[in-house]
Amino acid sequence: MYLFESLNQLIQTYLPEDQIKRLRQAYLVARDAHEGQTRSSGEPYITHPVAVACILAEMKLDYETLMAALLHDVIEDTPATYQDMEQLFGKSVAELVEGVSKLDKLKFRDKKEAQAENFRKMIMAMVQDIRVILIKLADRTHNMRTLGSLRPDKRRRIARETLEIYSPLAHRLGIHHIKTELEELGFEALYPNRYRVIKEVVKAARGNRKEMIQKILSEIEGRLQEAGIPCRVSGREKHLYSIYCKMVLKEQRFHSIMDIYAFRVIVNDSDTCYRVLGQMHSLYKPRPGRVKDYIAIPKANGYQSLHTSMIGPHGVPVEVQIRTEDMDQMAEMGVAAHWAYKEHGETSTTAQIRAQRWMQSLLELQQSAGSSFEFIESVKSDLFPDEIYVFTPEGRIVELPAGATPVDFAYAVHTDIGHACVGARVDRQPYPLSQPLTSGQTVEIITAPGARPNAAWLNFVVSSKARAKIRQLLKNLKRDDSVSLGRRLLNHALGGSRKLNEIPQENIQRELDRMKLATLDDLLAEIGLGNAMSVVVAKNLQHGDASIPPATQSHGHLPIKGADGVLITFAKCCRPIPGDPIIAHVSPGKGLVIHHESCRNIRGYQKEPEKFMAVEWDKETAQEFITEIKVEMFNHQGALANLTAAINTTTSNIQSLNTEEKDGRVYSAFIRLTARDRVHLANIMRKIRVMPDVIKVTRNRN
């Protein structure tokens, strides 16, 4: 029982004796079930479930969750069954144990498919009982703490998965301390050198800032004491992964991040929060537009606080978060606070209500998604959103991810409104459907009977619900709709000089024979469903009179599906490669010009969908494509030679290389090179990223 002691010390502080007794029983069952099993480190396996239970006990979670944590690997790794668990510990604990089990017994074509399907199962198990994910997050936290005994490649894979899925999931559920620990451990495992460098410079910077921190802390405490406001004031340290992300994603310099002095003020009630805000603004000058009220409008994960940014002593930036004790606990524990042990029942917390709402949307996604991959991508985009808050004409607040458009808003209000949307008014003014919204706007959707979604909407909507619902409807297009759409596309591709009814019947029959189709309607349906390209069919029907010159390729697979006999040009502005989302337009003399969907030169193409067409890469193409990357490096002797040598090892050829000095120590290299597809390019960039002199690698396109 000595291994149980660490857990026992934690639960003695808040659980009654009868529940502690049941936990001891669960420990003994788990210990006996895992008898003889060891972890990669050589320790007895039972140390892992005990550690997971301890993480949850530190959050003061209920005894059923702790019992399930102790037993969470029993069904998967031992002969014990669900029925055994139910008989010994009741249905609730048995369901939790079964929900947490990894369920990897099914056979999949590859590891990626298995991972995507397991993720799908995990999310669905979480929807049934959110305690499943609390146990899973604690399980992942302990696994991250003990990564050292694994192979380096396995460490990196687990760390990347943690940063992409588990840490954002903890954030989405408001469990801040778990999210932070997962980020720090994942960062250290994935980028050990960067972690070490940032840790050292942060340590040095914090030492230099002590005097200023103490001065600001004293001034804040003094002002609030004068105002008779009881409070607790503390400095707020920035975490290493947060600093790294700001340096990489926002291209901020280290010192500009560390020069911000951050503090937290904890008070007794929400009214006092606003009094403290007034005192802060009389002490230091507030920065316009930098006050955020998350008390009146909480974040999606239930987080509540007042944020203000001010100019402090000697002009230094000062950020202050103001919240109550309850809000502080919610900020740290999120939905986990709902299952913290309480002697008396309580109503659901804000975080719990919001989490349930989010999980309901996951159920809808599960029903709409065509595959595990589509589902995992939709959920990942929904895990870590920057939110905006807009209003319906009736004044209801609607929460949307940053970058959301009126179409996202329409689907957030109701699926039927999204499907029937034909226009929008924002703040009573006409507003483009593709233009992003900003917080505080009032949005009104204009609908029309019989209207339906435009496939081009998928190019600008950002919410997972909108994407899933649009895809679902487009997949279910009836044959008549496909024929009608195909007719319009083909007539447009034929140009103004000829229409379909002017094409000789023998030409149509020859094209039907070529495509092995029976009727003209079959051909039009294929075009409408995107299985055949209207410009290619138009060219064949006109005997080469179309504006697309014939292809010069005489052998091998064409890179674009269905473009046989057509000249293809890849736009040099964005240099798309297989795997990129692409769109095409016809250009006289250049044939079919392929652009990346986000290319600036075709921005706004959604307004003229008739001029553009959706195209797909041919999976069997063996062609190499030219793309461009940007590498930021320290200006050390031999760095450039090492860079080119690293690229040569990836079977890529360098077409051109230009450098540009940023400052005395850092320069940027712009490299045009060959890549077979996005996977090949990712391998090249990964090879470069681990070089000691490299700061940052990005793909360079307009």
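The backbone N, Cα and C atoms fix where each Cβ goes, glycine too.
So that you can see what the record holds, here are the features copied from Swiss-Prot:
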| type | residues | note |
| --- | --- | --- |
| DOMAIN | 45-144 | domain 'HD' |
| DOMAIN | 386-447 | domain 'TGS' |
| DOMAIN | 628-702 | domain 'ACT' |
Next on the checklist: Need one number: mean pLDDT over the domain 'ACT' (628-702).
Outcome noted: 88
Next on the checklist: Please count the residues of the domain 'ACT' (628-702) that DSSP assigns to helix (H, G, I), strand (E, B) and coil.
Outcome noted: 22 helix, 31 strand, 22 coil
Checklist outcome for this item: Secondary structure split (DSSP) over the domain 'TGS' (386-447) reads 13 helix, 25 strand, 24 coil
